[in-house]
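Chemist: Have a look at the structure that comes next, please.
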Ligand SMILES: *Cc1c(COP(=O)(O)O)cnc(C)c1O
């Protein structure tokens with residue numbers, strides 16, 4: 001199947017948006033993939049599609065990114081990797097965060113590469129070798145004190161991996177690290193992370209390992225620091241229009257819309273929502289949206305100091321009162337819009353609608369948390385890679 005055909009299969013685009021809907025713009029994902037690849041021309045590109053493709057749909061994003069220049073996929077858990085295989089995707093996939101009792105045999109059986117951060121993981125993966133020779137990427141902690149082997153354990157991990165290699169149980173295909181502060185290129189921890197990674201690769205080689213994939217950079221370092229590119233870059237956020245370094249213009253790929261369910265006229269002094277945190281200062285029209293914090297609208301963006309807005313009929317409208325679990329109220333002023341009018345909660349910003357970055361700022365968080373947090377009862381709709389978002393609205 002061609003890439004274009006594969007994308008077309010994902011497309012189901014009813015013309016009328018009559019319920020809360022998250023539209024994913026695969027053309028944006030494709031364009032972002034090309035932009036990221038152009039920033040690391042000498043390296044291969046791994047598209048990170050963990051957390052259901054950062055909330056955009058893992059399989060559709062994976063196919064789109066692979067058609068636009070990515071050659072590998074990255075996910076967190078074995079389960080995420082198996083789901084991609086089950087969806088018919090046969091590109092190389094690396095899974096990097098699993099408990100020691102994860103189903104490594106199932107992963108190895110369908111050719112999923114596994115990151116190994118500890119001796120315990122190495123032993124567990126080696127034990128899965130009856131399913132085939134496991135391909136592993138040794139993971140060194142390069143400065144987050146989170147995942148990856150501590151430097152003090154690295155030499156031993158490399159030696160144990162080399163022994164397992166010689167026994168034919170696995171092959172060390174890669175060495176990986178991750179940077180804590182790549183969004184701030186001048187942060188000194190980037191230099192120490194790069195140095196520690198180079199040391200880790202040296203130790204692996206001195207042990208007799210020959211890792212062909214050496215990867216340290218995620219989106220921010222891919223866009224700002226060629227010294228981190230090595231043979232492969234792992235990009236997630238950038239595929240979805242998020243540049244943590246704030247240096248490159250990428251295109252957001254999600255648009256969240258919801259119909260106005262009802263509109264009421266209220267008098268000055270009418271309190272709104274739980275706790276009455278807002279009271280209409282003048283007579284106005286209030287529109288009700290069937291979206292709340294269970295759907296991913298952060299409650300912290302509303303309330304007495306809330307700044308959240310949505311776009312209705314070409315104009316920004318304030319969210320008033322507290323966002324509740326299933327609903328939010330917007331102040332429509334003098335506009336008695338008819339029920340059914342579509343509100344754009346966020347999108348790329350082309351028509352003046354807020355962006356996910358705006359919502360993140362209103363909620364005191366990062367865009368990643370907004371785009372990955374849209375709830376399951378919001379309908380999903382995929383705009384094909386060749387259409388623009390405008391043409392499907
Ligand atoms: C999520 C993740 C990435 C992708 O990071 P972005 O900043 O989203 O590009 C890369 N590597 C690891 C280990 C990750 O957990």
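Including glycine, each Cβ sits where the backbone N, Cα and C put it.
Per TrEMBL, the feature active site, proton acceptor maps to 50, 274. Marked as substrate binding site by TrEMBL: 146, 325. Under the heading domain 'Alanine racemase C-terminal', TrEMBL lists 253-383. TrEMBL lists 50 with the feature N6-(pyridoxal phosphate)lysine.
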Chemist: In the domain 'Alanine racemase C-terminal' (253-383), how many residues does DSSP call helix, how many strand, and how many coil?
Modeler: 22 helix, 47 strand, 62 coil
Chemist: Going by DSSP, is residue 50 (active site, proton acceptor) sitting in a helix, a strand, or coil?
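Modeler: DSSP call for residue 50 (active site, proton acceptor): helix.
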Chemist: Tell me the Cβ contacts of residue 274 (active site, proton acceptor) under 8 Å, same chain only and six or more apart in sequence, or just say none.
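Modeler: In sequence order, the residues whose Cβ lies under 8 Å from that of residue 274 (active site, proton acceptor) (at least 6 apart) are 321, 322, 324.
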Chemist: I'm trying to understand the geometry here, so how far is the Cα atom of residue 325 (substrate binding site) from the Cα atom of residue 50 (active site, proton acceptor), in Å to the nearest whole number?
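Modeler: Rounded to the nearest whole number, the Cα-Cα distance is 26 Å.
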Chemist: Within 10 angstroms of the C-beta of residue 146 (substrate binding site), what count of other C-beta atoms is obtained when all protein chains are considered?
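Modeler: Its Cβ has 10 other Cβ atoms within 10 Å.
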Chemist: Are there any residues at least 6 positions away along the chain from residue 50 (active site, proton acceptor) with a Cβ closer than 8 Å to its Cβ? List them or say none.
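Modeler: Those within reach of residue 50 (active site, proton acceptor), by Cβ under 8 Å and sequence separation of 6 or more, are 58, 74, 75, 76, 80, 236.
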Chemist: How many other Cβ atoms sit within 10 Å of the Cβ of residue 325 (substrate binding site)?
Modeler: 12
Chemist: Should residue 146 (substrate binding site) be counted as helix, strand, or coil on the basis of DSSP?
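Modeler: Looking at the DSSP assignment, residue 146 (substrate binding site) belongs to neither helix nor strand, so coil.
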